[in-house]
Amino acid sequence: MNSRRRPVKKDSEALEISIPFDETPHLDPQIFYSLSPSRGNFEEPSEAASPTAALMNGVRAQLHLALERNSWLQKRIEDLEEERDFLRCQLDKFISSARLDADDHCRGKPGPRRAEGDGRGGTGGEASDPESAASSLSGASEEGSTVERKRQKQKGGPGRRRFGKPKARERQRVKDADGVLCRYKKILGTFQKLKSMSRAFEHHRVDRNTVALTTPIAELLIVAPEKLAEVGEFDPSKERLLEYSRRCFLALDEETLKKVQALKKSKLLLPITYRFKR
């Protein structure tokens, strides 16, 4: 050990003190460990932040899907409610027509009883007066024939009127674009008066889906007739009316669709959804 001795004088006495210069001081290594920053402390926030961002992205995606599904379900509910109202109107109309037929049938039943009563009166008068008996018998026979005719009419006539004519009206189909436009305008006028789509379709005896399938033709002719040149005229020998309606639907651009939606909100067009998809 290298050390230097320095004499120190105190009270006329010399003292020797040894001071080591070459020795390194002994320090506890735990002190340096406690002062040095930990790497894990800086890495933990980044690791914790990445799962949070992934979780937020997943929640946003699920929320977006839920909103789209909600809007789709809302449209579906509106369509089902309109179809329900239409079916209710059809059912009420059928019940009322059945009641009217039942009332007519009940009114026609007392006829034969009156005829039988007249016949009995005629037979009673026959014993007293032959001429009155003959006249009563002839009147009874005429009345019986009229009652029989009424029965035949009730059996055949009302049934044909109730089931035949409405079916014939329902089966009437338009054959060209002009017919589609004419029918659309009639239903639109009725809708503006009655304020109900179902009642308007019932009034004209037209199915809602049938009108929805041909609506693009009428809307194109009303809102953007200049686009008819792009679509072309309808030729029944080359395509069906449904295919022509689809081509008209594809010809409606974004600007035209915005005009159509604005007119539907103001009740200047039928607020009916399309049956085609792009």
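Quick reminder: no glycine exception, Cβ is built from N, Cα and C everywhere.
Within the same chain, residues 162, 196-199, 201-202, 208, 273 sit at least 6 positions outside the coiled coil (61-99) and bring their C-beta atoms closer than 8 Å to a C-beta of that stretch. The coiled coil annotation in Swiss-Prot covers 61-99, and the record cites sequence analysis as its basis.
The compositional bias 'Basic residues' feature in Swiss-Prot is assigned to 150-166.
Annotated phosphoserine per Swiss-Prot: S128, in sequence order, evidence recorded as similarity to another entry.
Annotation comment: Swiss-Prot describes 151-164 as motif 'Bipartite nuclear localization signal'.
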Reported mean pLDDT - the motif 'Bipartite nuclear localization signal' (151-164): 52
